[in-house]
C-alpha cells in the first residue's frame, strides 16, 4: 500500500514537471527576444554620437536613459525587449494550464497569471481586507501556481457529464469562463494580496537592518534578488538599494547588482559547461541569459527556475548571497 502511494506521488510529480517544462518551452522564445532586443538597445545607446561625421542611431541616448528617450532607436528596441520579458510570465502560466487541460485551460491560465502581475488589481484587492498594497505583484512563482490551478480546474470541468447541446460550448465558452470566474478571487486574494503583505513585511525588516552588519545585509539583499528573479521579493531588495544610493550609501546596491546578475550568468555558464544535464531548448535560453545577466536583468534565469524550482531557486539564492 505504501509503495503504491509512493509510486502515484512520483508519477504525479513527474507529470507536474512535464507541465512546467511545457510552459517553459513556450516561454523561452519570449525570453530570447526580450534579451536580444534589450542587449541591442544598450549596445546602440553606447555608440558614439557620430563616426566620421555620420550620426549614429543612438545619438543623445545613454544606457541610463534608454527607457526615457522616447522615439530614439534604443528606446524602440528597449520597448520591444521589455514587452518580451513582460509577456513571458502570462505565457508561462497559460501554457502550464494548456499542458494540463489542453485548449480550455490556455486562456484562464494566461489571464489569471497576467491579473496577478497588475499592481492596480492587487492594490484594490488589498483594500478589501484593509491592507494597502504598494506596487507588489506575484511574479513568475505566482504564474506557476495560477497556471497549475487553472489547468486542474479546467481538466476537472472537462470531465463533467453535460447535455450534448452544452458539450459543444464547453471547450470554448463554459470551461474558460467558469474557470476564470472561479479562480480569479482565489489567485488575487489568495496569492496576490499575501505576496503584497510579505513585500511590505520584508521592506520593514530591511529598513530595521540599516546600520547593522554590512556582510549580513549584503548576503540577505543578494539572496533576495534570486528568490523570485524579478518578482516582488527581488523588487524589494532593488528598491531598498536604490533608496540608500540616494543617501550616498553604495555598498548595499553593489550586493543587489551582483545578486541580480549571478543567477542568469551562473545558470547559463552551467548550461554551456554541461548541456547534457539540461533540456535541449534550455541551451537556446542560455544564449539569451548571458546578455540579460550582463544587463542586470535577473529574469533571464526564470526558465531554469520554472522548470525545476526546488533545485534551482535554493542554489541561485545561495550563489547570489555569497
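In case you wondered, yes, glycine gets a Cβ from its N, Cα and C as well.
Keep in mind that this is a model prediction, so the values were computed, not measured.
Between the stretches 53-75, 76-98, TrEMBL puts its transmembrane segment entry on 76-98. When pLDDT is averaged over the domain 'PTS EIIC type-2' (16-322), the result is 89.
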